[in-house]
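A quick write-up on the structure given underneath.
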Amino acid sequence: MKLDHFLLLALATAAVDGCVRERDIGSVDPFSELAKRSEGQLHLPHLSKFESMLLNSFDNTTVDTWAYYYTHGLHIAGTNRSMAQWTADKWAESGFTSSVVSYDVYLNYPVSHSLSLTHSDGSTWKASLEEDVLAKDDTTSYPDRVPTFHGYSASGNASAEYVYIGRGQKVDFQRLLELGVDLKGKIAIARYGGPFRGLKVKNAQEHGMIGCIIFTDPADDGNVTVAKGHKAYPDGPARNPSSVQRGSVQFLSTYPGDPTTPGYPSRPDSPRVDKSPVVPKIPSIPISQLDAEPILAALDGHGIAGQKVNRTRWVGALNTTYSTGPAPGVKLSMSNVMHDTYTPIWNSIGIINGTEQDEVVILGNHRDAWIVGGAADPNSGSAVMIELAKAFGKLQAAGWKPKRTIVLCSWDGEEYGLVGSTEWVEEYLPWLKASTIAYLNVDVAVSGPLPDVGATPELHKIAIEAMKKVVWPYKGRRDTSMYDIWKTLNGGEIEVLGSGSDYTSFLHNGIASLDVGAGGDGSTDPVYHYHSNYDSYHWMSTFGDPGFHTHVAVGQFLGLLAYHLSTDEIAPLDVTNYGIEMTKYYQKLKKYVAASQYKDLDAVSKLQRKARYHRSNRKLVKHLNSVYRDFGRGFVSQGGLPDREFYKHMLYAPGLDTGYAPTTFPGVTEAIDAKNRTRAAEFVERASNAIYVAAGILASCHDCDNPVVQEQI
Ligand SMILES: *[C@@H]1O[C@H](CO)[C@@H](O)[C@H](O)[C@H]1NC(C)=O
Ligand SMILES: *[C@@H]1O[C@H](CO)[C@@H](O)[C@H](O)[C@H]1NC(C)=O
Ligand SMILES: *[C@@H]1O[C@H](CO)[C@@H](O)[C@H](O)[C@H]1NC(C)=O
Ligand SMILES: *[C@@H]1O[C@H](CO)[C@@H](O)[C@H](O)[C@H]1NC(C)=O
Ligand SMILES: *[C@@H]1O[C@H](CO)[C@@H](O)[C@H](O)[C@H]1NC(C)=O
Ligand SMILES: *[C@@H]1O[C@H](CO)[C@@H](O)[C@H](O)[C@H]1NC(C)=O
Ligand SMILES: *[C@@H]1O[C@H](CO)[C@@H](O)[C@H](O)[C@H]1NC(C)=O
Ligand SMILES: *[C@@H]1O[C@H](CO)[C@@H](O)[C@H](O)[C@H]1NC(C)=O
Ligand SMILES: [Zn+2]
């Protein structure tokens with residue numbers, strides 16, 4: 001069959017600005033906007049019997065109980081098997097066949113650390129490196145609370161003059177080099193925000209720096225700061241100034257998972273490779289704004305002042321000029337001691353068999369947290385998953401039987417580098433590729449009031465339908481749907497998935513994926529203390545989600561998705577939308593090429609084919625479902641991206657220098673960035689082949705008189 005003859009996906013519709021959405025919602029008055037839309041009336045679509053039963057099963061009081069459980073015991077990766085068993089047992093009570101599976105992975109745990117500043121007059125100051133114990137917040141005083149540290153950081157000492165590197169992106173380093181700032185042999189002090197923290201350390205290491213400290217700047221808290229009149233947590237919604245963001249410094253954009261077993265599962269006897277391509281060689285330590293201020297202030301008047309550096313988010317809100325330094329004779333001494341080990345981690349898995357076992361829907365959430373709490377990250381999601389299992393238990397008791405198998409996963413080791421999910425996917429890849437129709441992820445289900453959804457294009461339609469059926473509790477109101485709030489207050493655009501949570505291994509094997517959560521607006525909502533001891537049950541029940549109603553709504557949304565994906569006769573995957581979204585990525589790429597030195601890279605036009613796609617009759621349901629299931633696998637190309645084979649999807653990858661944020665058409669885009677024309681052309685070819693393969697999978701249905709792909713150009 002000649003593929004050229006019925007081209008491609010619905011690379012249809014007119015040009016769309018495919019730029020990353022700017023989140024600027026500060027000026028909208030939510031209530032008047034909502035009133036205009038809904039006139040104070042909530043109109044939900046008609047719900048079926050099972051849909052109503054499902055939605056009504058979610059209960060804020062039981063969710064609160066699960067949230068309390070998860071946030072009152074140490075559960076950093078590899079430390080709490082009983083929590084994994086508890087999760088499996090809860091799912092079993094709701095009729096899921098449940099088990100706990102383990103992997104033996106490389107992790108490291110903090111032993112000791114210190115950081116001190118020596119002024120040129122020889123006087124010294126010592127950083128506290130501790131978060132305050134708060135009488136109002138019980139888990140901040142737990143004796144086994146986790147020190148402030150970076151997962152997968154290197155052990156080592158460093159003592160040297162230091163340089164402020166802004167957010168530590170490659171462009172920041174280029175600017176420092178342009179300005180003639182001496183980096184070699186110095187310690188870096190970087191600000192959180194922008195790229196994934198591991199990439200800040202990587203960039204510092206690659207510029208010959210010998211250590212890295214990273215601080216949280218109050219400028220990232222919008223108007224909710226002490227300087228602007230708010231009280232700090234626990235007395236108010238502003239950031240507690242002693243709070244520290246822990247987190248992994250793995251080089252996430254190279255590959256996730258156990259650094260010592262890339263591409264295969266971590267068994268006790270698995271061969272291990274050198275981990276240095278994905279973990280730092282130089283030590284790093286996270287610090288609070290309190291600890292950062294004197295360190296930055298000691299650079300004032302030395303090097304280039306922040307205003308003159310003139311880089312995005314270089315100057316923050318601390319009382320200092322954010323000068324680059326170095327300051328002669330002003331030194332930092334840091335020490336970071338980690339315990340390296342191979343140790344078991346535990347995923348909990350729960351299954352309800354469908355009548356068609358070769359079609360599977362998977363839902364996942366990680367369970368491990370950097371701190372004893374973890375009320376938002378990730379255990380708001382864990383509490384929701386228990387409640388969701390309970391809801392499906394009720395449906396089963398009422399006679400519902402899913403057509404497709406449902407698998408629940410509670411991942412361990414996510415925080416170090418998506419370890420539990422990546423090892424599991426590596427172990428079951430042939431089965432997953434043959435059977436999975438979608439992976440639904442929830443990590444931080446709730447850290448604020450605004451719903452956020454990211455997904456591959458074939459899941460957009462069902463996500464929007466589900467959003468319209470859920471009542472969303474916005475600041476005490478209960479007369480709006482999730483869809484209305486999302487559309488009115490949060491941009492109304494389903495985001496492109498990058499990386500940073502457990503959907504990554506599914507997405508990059510061509511499996512339709514979705515991620516949902518709710519967060520603050522970053523400027524007026526209570527500040528979420530990400531990866532800090534203050535991401536606690538007390539914060540959640542006082543500021544994040546008092547009453548746990550947002551938890552309920554996120555659970556209902558996921559429940560509806562899982563219900564339809566597992567139950568509908570025809571799998572509700574809207575494959576035509578792939579074409580529409582791809583057109584947006586294509587427009588963006590075209591602009592990028594036009595702005596580059598490869599204006600003549602006209603091969604890019606190969607990527608544009610316009611075609612229209614119809615669905616006619618649905619007689620051969622089985623075949624159609626398998627085509628929908630398999631279609632996305634076509635976008636995966638053997639060999640992956642240059643120097644990072646893990647990332648195989650030709651349309652998406654986490655940005656090389658962002659780690660979290662996605663790049664579309666990554667092979668071509670990054671080749672242009674690297675000024676490698678040959679490679680750009682090679683990836684145009686590979687991306688267009690991948691699109692042909694996906695289209696070919698759809699086209700196979702032509703024979704059964706189902707989707708008809710019609711050429712327009
Ligand atoms: C595991 O977590 C549970 C629930 O939070 C807690 O009660 C228990 O003490 C934790 N176990 C360990 C070994 O820390
Ligand atoms: C902060 O408040 C001021 C004054 O109300 C407003 O103009 C500004 O947009 C707000 N900034 C953010 C980030 O919300
Ligand atoms: C900062 O850089 C921008 C371009 O990136 C330039 O337009 C602007 O004039 C610069 N400002 C200063 C103060 O140098
Ligand atoms: C800011 O720093 C300067 C110089 O170090 C000091 O004189 C001033 O009092 C500080 N301002 C505040 C608000 O702390
Ligand atoms: C590293 O620094 C710590 C703290 O200053 C010190 O105790 C330790 O001896 C140093 N280790 C080495 C190898 O220099
Ligand atoms: C589910 O299906 C699997 C594979 O066919 C089978 O081994 C298992 O016993 C089934 N579980 C239940 C509870 O029926
Ligand atoms: C559940 O919601 C009800 C009604 O809003 C509220 O009174 C109750 O306190 C909530 N339960 C919890 C545990 O927050
Ligand atoms: C450009 O890309 C090609 C193909 O991927 C590769 O073989 C070559 O080494 C690259 N050139 C440079 C200068 O990196
Ligand atoms: Zn998380």
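Cβ from N, Cα, C; glycine included.
Residues or ranges marked as compositional bias 'Polar residues' in TrEMBL: 240-253. Packing against the compositional bias 'Polar residues' (240-253) from elsewhere in the chain are residues 128-132, 134, 146, 148-153, 192, 196-199, 201-202, 214, 216, 218, 226, 232-234, 259, 277-280, 284, 286-290, 370-371, 415-418, 499-500, 529-534, 644, 647, 653-659: each is 6 or more residues past its ends and has a CB under 8 Å from a CB in it.
As annotated by TrEMBL, compositional bias 'Low complexity' applies to 254-264.
Taken together, the residues in the domain 'PA' (173-235) have a mean pLDDT of 97 on the 0 to 100 scale. According to TrEMBL, the feature domain 'PA' maps to 173-235.
If you look up TrEMBL, you'll see 347-538 marked as domain 'Peptidase M28'.
Look at TrEMBL and you will find 607-698 tagged as domain 'Transferrin receptor-like dimerisation'.
The annotation region 'Disordered' is assigned in TrEMBL to 229-278.
Under the heading signal peptide, TrEMBL lists 1-18.
Secondary structure of the compositional bias 'Low complexity' (254-264) per DSSP (helix as H, G, I; strand as E, B; remaining residues coil): 0 helix, 0 strand, 11 coil.
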